[in-house]
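Student: Heads up, here are the entries from TrEMBL:
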type	residues	note
DOMAIN	200-626	domain 'Anoctamin transmembrane'
TRANSMEM	209-231	transmembrane segment
TRANSMEM	243-261	transmembrane segment
TRANSMEM	314-337	transmembrane segment
TRANSMEM	357-379	transmembrane segment
TRANSMEM	400-421	transmembrane segment
TRANSMEM	433-455	transmembrane segment
TRANSMEM	501-524	transmembrane segment
TRANSMEM	591-613	transmembrane segment
Amino acid sequence: MQKSLSVYDSDGSTFAPLVVIELALETKEEAIAWLLNRVRDKQQYGGAELLVEQLTPGAQGTEKVNPNVYVVGASWQRLLYGAEDVGLFKEFNDGSMRGFTYANKHNFKEFQGDGDGFLSMAECQYIIKHELDNLRAKDEAHVPGYPKMKLYPGKSVIRRMQSKGILVQVFPLHEKEELKRLSFSWYKNIKLSFQPLDDIRHYFGEGMALYFGFLEYFTLALIPMALIGIPYYLFDWEDYDKFTVFAGFNLVWCTVILELWKRLSASLAYGWGTLSRKKAFEEPRPGFHGVLGVNPVTGRAEPLYSNAKRQLRIYLVSIPFVLLCLYLSLYVMMIYFDMEGWALMIHDEEPTFWTGVLLFIPSIIYAVVIEIMNLIYRYAAEFLTGWENHRLKSTFQNHLVLKVLVFNFFNCFASLFYIAFVMQDMVLLRQSLATLLITSQILNQIMEAFLPYWLQRRRNKKAHKRMIKTMGDKELPLSEQVKLEADMSTYLGTFDDYLELFLLFGYVSLFSCVYPLAAVLVVLNNVTEVYSDAFKMCTVFKRPFSEPAANIGVWQLAFEAMSVIAVVTNCALIGMSPQVKSYFPESETQLILWVVGFEHFLLASKFILTFVIPDVPKHIQIKLSRLEFESLEALKKRKVVHAAAN
């Protein structure tokens, strides 16, 4: 961990600032003093035992400054104990990944001297966040100075103050030198090479590194399909019936790449120490509310909410709302087809260059409307999922993902299914797929890269001018760095990034057999996505807290569900091809039975393949089993020693 900037705690000890806490401007003094004392108090007295100091404002001119900004750090010994508390896994001297223990610290490979540099800055910041989140009320009835802000024993102090607006934000600081090195190796030095996943993990954490690892893997997995698609597009462009072979390749491709990704992600997670890491006990999320009761697991007082009430909200409000949105999406799709018919009629009456261009206008308008509807629905889904009042963040996330995926899938692909299997117009299907794919990619690049960058530049233009004028080429003072980062946009997680990849995977796996260039377009999009996302993470957004992760979570299930739909879709497209129909000239029933039988065979093969290909490579399974065996043996020895002592 870098220590280029240091501050002094109230007791005179020096520490590297890692995390910033910003309180509201009008926060009462007694509340501030109480919070700081709780942060500084020893753990045995219910404190976090961290180092915290008020940030000294720099030269701000006439601009109003919030004085309630504090930087938080910790001693190395406290961080090492914290690493044990959070269950951090590090490389042992024998090369295996083991849970870190302070008593056994010298047996870990990278531990030297007093342990300086053993933990990355991201890990240190994660430990501090964990300690702050676990700062709990003792016998206080309310937050000092705020009688209406009730507390009860065991309530998370930080979450309570956040939910009531006293605590504005908590965020980790960037480390400028390390960020420069990462930026140069990641996106500034444009070259055809693999991403520095270990460096990304070291700086941003495992969750972020797994996203970029999946993005890179998905892009590489698309290259064979792109290489096949280019000559297929060039030589069979006008023969839309010859898509059987490409559809067959789709069937194998979408199954194999997901199984191989599970093995790759397991290898990455093992090397990063998250594969066998125990999941922390999940606390109630900040927005959860209910009647005060006792948690039967922890024995602590916390809000309780009836599951029956939640289910009623889901089934009587959420599901009807989703169905209503799907109906609106269907209605918009019908309007799109009316526009297509109108454009085609004009073109048929008087074919010109401009009427030819007009044929693409309905698809472009529809693609833009789809993106707008997806955006509006996303906000509605978040509000609705919050209103359902789920206790855990993971449950909240799963319900939100389900709502968003169902609508986005229907909204983006319903028209393509209608064209393919109702209208059976392969020419229109190819045109619609190309237009939807290209338009959505352009809009996503504008919304995800150019717009955030432009807003950030506009927001910080005056600040940059002032710094250049006052500081020149000198290193930025801590107060200025904190102010700049506090004004940056907050990164909301990888949800939207995975959602975009999910939809691109759908475009490629479902219908690319009729538009072979789809894989090529997605490869180009993903290459630019790597650089734009890297740029955003390093320059546009606040640094997010590290999120330990062993896989891509619920998104793995989403992609696998899409691959199952892809099998059914491509089998149906194969059954519609003239080559296959020619084998059943007299009986359409036999053709349908053959297609259904073939589709069932492929699905069965797909599920068999899932079991045949282990999710975790053999050598990693052996290491995990050996570690489990050694842990059991050590436990037996401790029991024997304890029994002998008694």
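The backbone N, Cα and C atoms fix where each Cβ goes, glycine too.
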Student: Is it true that the transmembrane segment (400-421) and the transmembrane segment (591-613) have 3 or more CB pairs under 8 Å, sequence gap of 6 or more?
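Tutor: Contact between the transmembrane segment (400-421) and the transmembrane segment (591-613): absent.
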Student: Between 314-337, 433-455, 501-524, who has the most Cβ pairs under 8 Å to the transmembrane segment (357-379)?
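Tutor: Comparing 314-337, 433-455, 501-524: 433-455 has the most Cβ pairs near the transmembrane segment (357-379).
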Student: Can you work out which residues elsewhere in the same chain, 6+ from the ends of the transmembrane segment (314-337), have a Cβ less than 8 Å from its Cβ atoms?
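Tutor: Hits for the transmembrane segment (314-337): 362-363, 365-366, 369, 373, 377, 380, 384-385, 387-388, 399, 403, 406-407, 410-411, 414-415, 418.
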Student: Sort out the residues at least 6 away from either end of the transmembrane segment (433-455), same chain, that have Cβ-Cβ distances under 8 Å to it, and list them.
Tutor: 360, 363-364, 366-368, 370-371, 412, 415-416, 489, 496, 500, 503-504, 507, 511-512, 514-515, 517-518, 521-522, 525, 528-529, 532-533, 535-536, 539-541
